[in-house]
Each structure stands twice: as structure tokens, then as C-alpha cells.
Amino acid sequence: MGVKLYQRYKSLTPFGLITSPSANILFDTSACSISTSGGAQHLYAPQLHSIGVIHLKQGIQIATLADESSSAQLTRLVLGPAGKLLAAGYSDGSIRIWDTSSKVCMVTFNGHRASVTALAFDALGTRLASGSSDTDIVLWDIVAECGMFRLRGHKDQVSCLRFLTKNGLDHLVSGSKDSLVKFWDLASKHCVETLITHRGEVWALEVSPTDENLLFTGAADGQIRVWIINAKALSEKLDPVRSVPNALQTNANSIITDIANTVEFLGVIERQSKERIVTLKMDTHGQYIGVHGTDRLVEIFKVRSDADVSKIVERRKRKNRKDPNFTSTEDNSTNTIEATMADRYAKVATIRCTAKVTSFDFAPTLIVGAAIKSEMPLKLVCSLSNNSIEAYDLSGMTGTTKKESVPRLVSTVDLAGHRSDIRSLALSSDDDLIATGSNDLIKIWSSRTRQCLKSMSSGYVLCLAFLPGNKHLVVGTKAGEIQLFDLPSSSLIETIQAHESAIWSLKVRMDNGGIITGSQDKQVKFWDLRMKQDESYSNVAKRATLVHTRTLKMSEDVLCVRQSPDGRLLAVALLDSTIKIFYYDTLKFFLSLYGHKLPVVSMDISFDSKLIATASSDKSVKIWGLDFGDCHRSLHAHEDSVMACQFVWGTHYLFTASKDRTVKYWDADKFEQITRLEGHHGEIWALAVAKYGSFIVTGSHDRSIRIWEKTDDQFTLEEEKERELELRQEMEANLNNRDDQAIGSEAPDAESAEKDSAFQEVGVAGFKATDTLKAGEKIIEALAVWEKERGDFDKYEKLRLKDPNVAPPPRSPFVIALGRPDILPEEYVLHVITLIRSSQIDEALLVLPFSNVIDLLKCISFWIEKVQHFSHNLGLVTMLPNSVVFFAIWCKQSLV
């Protein structure tokens, strides 16, 4: 018997997503997306592991930024100056820099061991600061595409970052869940100031964009604290104490006062909401402050100018003088009236969204001319937790009156997704249409274009199916109703109160003459499909309807019903964890299948009616024979409840979906797992398989719909087991933070690194992940090829002096694979290094043993001597040796 081959399934780009709550939404600030009349038109919205580019006015997605090699979830987005670069942080600690014009990923940085929680560009866009749940801050050089250094000091997640580059400063401000706000001097790479007055976690901070002299912080207590930054004192923080005569007699309090005035607390801006602050942001010109918490409110404050504040104070003074209770003895106190925080920061609007706000952003404005109007129209967009986006126009806010402006909802993006998780889905008989249902909505999608075709309001959908002909959709709801929809007209044509409780299962009969429903009211009902005259529907044509014909009463709640393909048997899964098998025609009891520890929530019968697969909440899938009811095999299928299972028609291949976010592919004859499909970031509730397994569709709690398409890539079970073992080992190595450096290398191990990190405030930016280890192995392999070929070439040159007709030595298979037989050994090493990302070069060099470093230096020497030979890589040859030599010598300095 030969080795059995299976075909691999590949995930296509998920759809049904508008915005995910895991990351923030951003306006595209590039000039091409801003019009003089309508402002910015494009948005960057997080969509699990990808970034969607959405046209706000049209409400459609026009592009997608995604790295197919990674399934890590987006956690943070930030745009560079002028909107030319987009930095994205991910849950695996990686950072990708995207070119917004070409939609191409320029570079990937790996410097964190946990999810990236904060990102910030400097004013020039040449540096990027990243903060993570691993408490570290890393500075990245965008131009050189490498890490600069790592800053340590926080004891909890770094939640926010901002650069200070004006007023002669080169500092970074960081806020953390450890309740501290730190000021870092980037020149000296040390913390120079720490604010310790916050009572809880610091979740957000903002710096006034025009002059950078004001700092706003938001913490868990819901208050906005305002601070003034003394740029001169901050820049001189690390200067030695000034030399003065009689230094011993100098008042020490004056020196302490000078140090303490680096950052001065001004006051608190009171909010209506008392929830913790999630986002705190100022508009581009520093005129407005927006803030939102974990509720539905977004509050907008106007920053009044000094002239407006002076007018308010003068008006209050005049009012006090007119007060009949005013006396001359109060004159001095009246003249010393000071402006309050409410005078300086006026609340001008409160936006109440339709769902919880996850993030928001102010719309950029195209400035024509040199002057900026004092009262500019304000627009903002809110990303909501229910997978929708709302845009508001707040024009007319002046802040001169106590009355707040009423925000105007100008557009909503919600058509291309469900408001809640997808509970059920079904495929049409021709596999062209996909129907998905949630708690109040049904959507019809094209399986080819993955676009939403129709959207219809409904009850709470628990199950649904296409009726024969694919012109009607039947839905079972939580209220026990059967809803019948006419798809051509996108209308609900009939609602039948079919059961007293929730309808958990609905199946079209094998003869296509009706449906079978199973409910929580302990009944299985059979329905015939008929045609009915209805004048409200049409005066000419009849419409479809369902007529109840018979009922099968059970002793427990019915969770799932299935009919065998030959139409002979009916399977009913009950709440008592058993499956009852009946003869379909007489409803006479045939078999009872028991063995599950928890109820069966899904099951399916193979095409030949010989096998039945049952999926249970006890994490197992059991394969039963329908001839005698014996259990062929019990599989520990998933790490959580198995929510759906379905056979591929014409085979005994089985797909299962689970709450553990995975789909698994099984061979029910061999009882072996074929492969595992990963990609969802939430529990998988629904699964549908195309007729002959050309693709499968899954619906998840993360509101995404995924199509997994069969490819021509073939594999064996042994190959797949080896691949999964390697992936598991790589995952464990990254999770355990283990440094698997080569023997003889001088890279510090994990234990010493952890000990040193407790005492060092500055560290190396990158770290050795799986990718960097593989990059180091590629360099070692290239140097081994160079060593052998260079030795053979030297021998060949000596032999050719004696015999000019001597045959040249054979080339290495690695060199032959390049298709360049005339390439020099040193050029081959250069070729391998150029294929490694510049952000991984430093970490890859840490893996090299000292002997390989010597070989690499010899190759570099050859590159420099024969620089003209590498004219096609001239720029790289002139730049690469410097960085490689300096870093290699720095790593191995103890052995030099």
C-alpha cells in the first residue's frame, strides 16, 4: 500500500470585519486622501491581523494591508509625519512599517517578547518608539532599519509614548500601568524625571502639538491631569550642579526647587464620565482635546487662548464688583482672581455613540495658505465595539458659551459586517452564496467575491439553511420562531411560531420536500414545503410556506437533528449527552449512542450512511457505526468545546471547529488528524463545507468569516506531524524566552540576561527570536560553502600553473541553485546576507561562533578589495561592512 497524500487548505483574507477592538483607528493624513471640501476620506481600521483601508464617504473597503506569513493580532497603529509611513504593532511583539502609497511592508522589527501596546514617531519620522506588555521601551531607526537601544524602568505594561523634540529637547515621555510617567533623555539613554502622583494605571497621555509645553495624562480614576513642561530645566537635568562661590553655604533648597520645577502640575479637567480613560488625543493644531473611556461617551474640550481666558477673568471681576455684597475690603482679593481649569479648557460637546467606543481620531484638515483659522471645523471618527464606525461633524463649536454643541452623525460604516458574533452559517446548494446569522441580522455573501450582497433584520438566529432552489432562506430563532425570507426581494415573507422555546437545530430533508427542526421544548417537528396564495406578497404568483406535518416528542431538550443521506435514519442529540437513532419513516426507535460526558452540540452522517460523527462540549469527537451503533473511535479533538463538525461529501474526511479557535481536518477511516487550520482570534461557532470539499467556511466570535480553500499542495501525515512539532518547539522557545545560541558564541543566555536586565536601564534593542536564529544559521551555512569553495579554488589555481587543461572543481549545490555558475564564493556570502532583513542582521551575528566571525571578516576584506566586482551591489558593499564589522567585534570583544 502506497503512502496516502492529502491536499492542504489555505486561508483567504477574512471578511465580515469593519474594525476590531484590539487596536486603534486612524485617519489617513496623506495629501492624496484629504480634499479641500470634505477633509480626509480614508481610514486605517484594524481587522484582526490585517489593516483595512476604508473610504469613509462610500463606506467600502478599498485596500488591505496584510502580511500573510503572520496571524498575530493588531494591537496598535500610528502614522508617521505626512502620513507616508504606517507603523503597526502586533500581539506577538513584532512591528511592521508599511508604505501607505504602495501598501507594501517595508521592514519588520522584532524587539518585544509580548504584545506591542504603544507606538510613537518622532517629528521627522526617522525614529520610532515602541512600548510593550513586557515593560520595555525600544527605539528603532527607520532609515537604517534597525534597533537603536532598549530602555528599562517601568514595572508594568507601557501604555503610551510621546516624543519631545521642540524647545531644544530630545526626550521621550512614557506612561505605564505601574502608575508612573517617565521622561527619558534619548541622548544619555536615561530616565531624568518620574511623575508619581497618579493614583492608578496611566492609560493615555498627550503633548500639545504646537509648542510641546503642556502634558495631559489620563489614568484609571478617569481624570485628565494637566502639566506644564519646563523645557530648560528638563534639558539641564543631567548637567552637574552649577559651580558657585561658597558652594557649601549655598541654599540647598534652591537647588531642590530648580529640580522639582521640571514638570509642574496645573490642575485637573473634570469629565462627565467616571470610567477609566482609554484614549486621550488632541487635534493637529492643538485647539481641541478628545477623551473617551470604556463607555459610549466621547467628550470634546476646547483649549481657550490666553486672550479668551483673560476676557473671562475680567468678566468675572466686573461681575464681582456689581455684586451688592461686594465691599471695598475685598478689592484686593477681587483683583487677584485666577483662571480655573474650566476657564482654560471648556467642554464643548459630548458624543454619545450607539455602542462602546474602542478608539477615535480627529480628522486632519488641509491648510491652504499660511494662517490657520482660529475656529476650524472639527470632525472625528469613532471605532465601536460592535464592528462599526461612526463619523461626526462638530462644526460650530466655539467654546465661548456654556451650552454644548450637538454633534451631528454624518456617516456610518456598518454594512460589511455583523454587530455581534456569528452564531450560524450555511452554504447554498451551488456553493455560490453564504448566509450568516447573528442576534438580530442575516447577511448574504458571495463566496467568490466575499462581498455582502444582502442584509436583513431577523430574530436571534440559532440555525439557518437555504431551501431548494436557493431563492428562500429559513431561519430558526431563540424565540422558537421559524422565519422564512425571500432572497430576491430581501424580505421576510412569513414568521411561524413553531416551538415554545429556542430552535437549536434545523435541517433540510434529503428529499428536498421540507425541513426538520429540533427545539429546547423537547420536540422534533417535521415540515413540508408548500406553495401558498398571498395577496400581500403577489397578486399573481404564489409564495413558499411551511406546513407542520408530524411531531416526535423526546424526554430531553433537542440540541441537534440529522437525517442520513439515504433517507432511512434520523439522529437526534439530546441534553442528556445521548444520541437517539430512529427510523425516519415510522419514527421507530433503532439505536442509542452514549459515551459523551457532556451534551452533543453538532453531528453529521457520512455520504454512504455508514458513519456518524458527534461533536461534544467535552472536547471530544466520536466516530460511530450506524449498522450496530458501536463507537469506532473516541478522539480528543480540541482543547475546548467542539461546536461544529461536517463530513466532506463522497469521503470519510471530517472537519471540526471548536471554541479553542482552531479548525481540524480528520481522516475518519484512519482516525488520524490530517491538519490543523489556525487564524481565528475568537471562538468558532459555525462551520460549513462545500459540496466536495473545495473550500470550507467558518464564522467566529471575532465577527470574521473565513474561507479556507483547497490548494494543489500535497502532503503526508508524517510530514504534517513533523511540521507541527517544529512549530510547537518554536512557539515554546519564544514563550519560554530561551536563547538557543550556537556553541562557542558569546551571546548571553536567558538567565544572565534576566539578571543583568534588573540592574541595567539600557539594553540592546533586538532579541533572538526564531527568525533571527534561522538567519544566523543561513550565514553559517553560507560561510561553510565559502570555506570549501575557496579552498577548492585555491587548489585549482595552483594546479592550473602546472597543467592549464586541468578541470575546474565542481560547484556547491547551493551555488548551482542560484543559476549563476560564475559567482565567486565571497559573492555568494554577500548574496545570502542581502536576503536577511536589515533589522535581523545584528541578532543573527550574535549566533555566529567566533571562528565564523573570522571567516566573515575575511569575506568583508575581499568585498572591499574587489569593490568594483560588485558594481550591482555597490551601495550595499560600501555600507554593510561597517555595521557588520563593528557589531561583530563588539559581540566578540572578549575573544579578540
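Just so it is clear, glycine is given a Cβ too, placed from its N, Cα and C backbone atoms.
Automatic, uncurated: that is what TrEMBL annotation is.
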Feature region 'Disordered' in TrEMBL, mapped to one of the ranges 273-295, 710-732, 733-755: 733-755
Long-range environment of the repeat 'WD' (496-530) - Cβ separation under 8 angstroms, sequence gap at least 6: 462-468, 474-484, 544-567, 570, 572-573
Long-range neighbours of the repeat 'WD' (677-709), counting only residues six or more past its ends (CB under 8 A): 9-12, 14-17, 20, 22, 47-49, 71, 73, 387, 417-418, 420-427, 429, 431, 434, 436, 445, 447, 450, 640, 643-651, 653, 655-665
Within-chain partners of the repeat 'WD' (635-676) [C-beta distance under 8 Å, separation at least 6 from its ends]: 6, 8-9, 598, 601-607, 611, 613-623, 682-689, 691-693, 696, 698, 700, 708, 715, 717, 720, 724
For the repeat 'WD' (593-634), residues assigned helix / strand / coil by DSSP: 0 helix, 23 strand, 19 coil
Remote residues contacting the repeat 'WD' (415-455) - C-beta distance under 8 A, at least 6 residues beyond either end: 12-13, 15-18, 59-61, 355, 386-388, 461-466, 468, 470, 473, 475, 485, 487, 490, 682-683, 685-691, 694-695, 697-703, 705, 707
Tally of DSSP helical, extended and coil residues in the repeat 'WD' (67-108): 3 helix, 23 strand, 16 coil
